[in-house]
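*Asks:* When I checked Swiss-Prot for this same protein, it listed these features:
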DOMAIN    2-194  domain 'Glutamine amidotransferase type-1'
BINDING   Gly57, Pro58, Gly59, Gln88, Ser134, Leu135  L-glutamine binding site
ACT_SITE  Cys84  active site, nucleophile
ACT_SITE  His170  active site, for GATase activity
ACT_SITE  Glu172  active site, for GATase activity
Amino acid sequence: MKIFFIDNFDSFSYNLVYELECLGYEVAVYQNDIDPSYLMDLMNEESKTPLLFISPGPGNPNSSGNLLKIIAMAKKKFPILGICLGLQALAQSYGAKIIRSKEIVHGKATAIALKKHAVFKGLGESMVVGRYHSLMASGLPKNLEVIAEHDNIPMAIVNEEDKILAYQFHPESIMTLQGRALLEQSVGFLEGLL
């Protein structure tokens with residue numbers, strides 16, 4: 001599966017690209033200021049359905065270039081995997097509010113509770129993850145299922161019908177001990193929904 005990776009001008013982006021390439025995926029990187037129509041044309045030219053990957057980034061979804069337009073055009077057409085800002089942008093695209101978290105974290109290892117879901121197979125009931133965020137998604141609609149959380153903050157959301165999966169934490173962080181396995185299972189899970 002080819003991955004179209006949206007870089008939200010974040011220092012973690014190429015750590016994620018490296019992890020995905022180590023897993024054997026072909027990754028094409030585009031920044032969030034790319035013309036959304038051009039990106040959709042590129043994705044539609046692929047012989048097999050590609051995956052759209054949304055990186056972490058500074059700020060909020062509204063200040064992230066063409067990110068929300070890209071999501072609006074890709075949603076329901078391509079599987080989408082979002083990390084941190086990626087979760088917030090996907091949640092906002094479904095009507096959730098993005099608010100300031102009661103705790104600002106930058107490089108904090110946190111044990112989060114995992115719900116029983118295929119994407120977490122073999123990873124246990126909780127997982128230590130690396131968190132870097134000051135914002136969170138709130139007021140999620142019913143069509144976004146929260147499959148992991150910490151202190152009432154959604155840490156993982158999914159919409160299987162629309163092939164959407166997102167994490168508030170950073171799988172590529174050294175603090176996320178099973179991060180590579182989770183990335184592999186995440187891409188595999190979305191690929192299996194095609």
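Just so it is clear, glycine is given a Cβ too, placed from its N, Cα and C backbone atoms.
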*Asks:* To test your reading of the L-glutamine site: which residues beyond Gly57, Pro58, Gly59, Gln88, Ser134, Leu135, same chain only, put their Cβ within 8 Å of the Cβ centroid of those residues?
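*Replies:* Same chain, not in Gly57, Pro58, Gly59, Gln88, Ser134, Leu135, Cβ within 8 Å: Pro56, Asn60, Pro61, Ser63, Ser64, Cys84, Leu85, His133.
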*Asks:* When you put Gly57 (L-glutamine binding site) at the centre and draw a 10 Å sphere around its Cα, which of the active-site residues Cys84, His170, Glu172 have their Cα inside it?
*Replies:* Cys84
*Asks:* Validating a neighbour-count step here. Other CB atoms within 10 A of the CB of Gly57 (L-glutamine binding site): how many?
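*Replies:* If we count other Cβ atoms within 10 Å of Gly57 (L-glutamine binding site), we arrive at 26.
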*Asks:* Going along the chain, which residues six or more apart from His170 (active site, for GATase activity) have their CB under 8 A from its CB?
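*Replies:* Those within reach of His170 (active site, for GATase activity), by Cβ under 8 Å and sequence separation of 6 or more, are Phe12, Pro56, Ile83, Cys84, Val129, Gly130, Arg131, Tyr132, Thr176, Gly179.
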*Asks:* Looking at the binding-site residues Gln88, Ser134, which one has the fewest other Cβ atoms within 10 Å of its own Cβ?
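*Replies:* Counting other Cβ atoms within 10 Å of each of the binding-site residues Gln88, Ser134, the minimum falls on Ser134.
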*Asks:* Averaging the per-residue pLDDT over the domain 'Glutamine amidotransferase type-1' (2-194), what integer do you get?
*Replies:* 96
*Asks:* Can you give the largest Cα to Cα distance in Å, as a whole number, for the residues Gly57, Pro58, Gly59, Gln88, Ser134, Leu135 that bind L-glutamine in the record?
*Replies:* 12
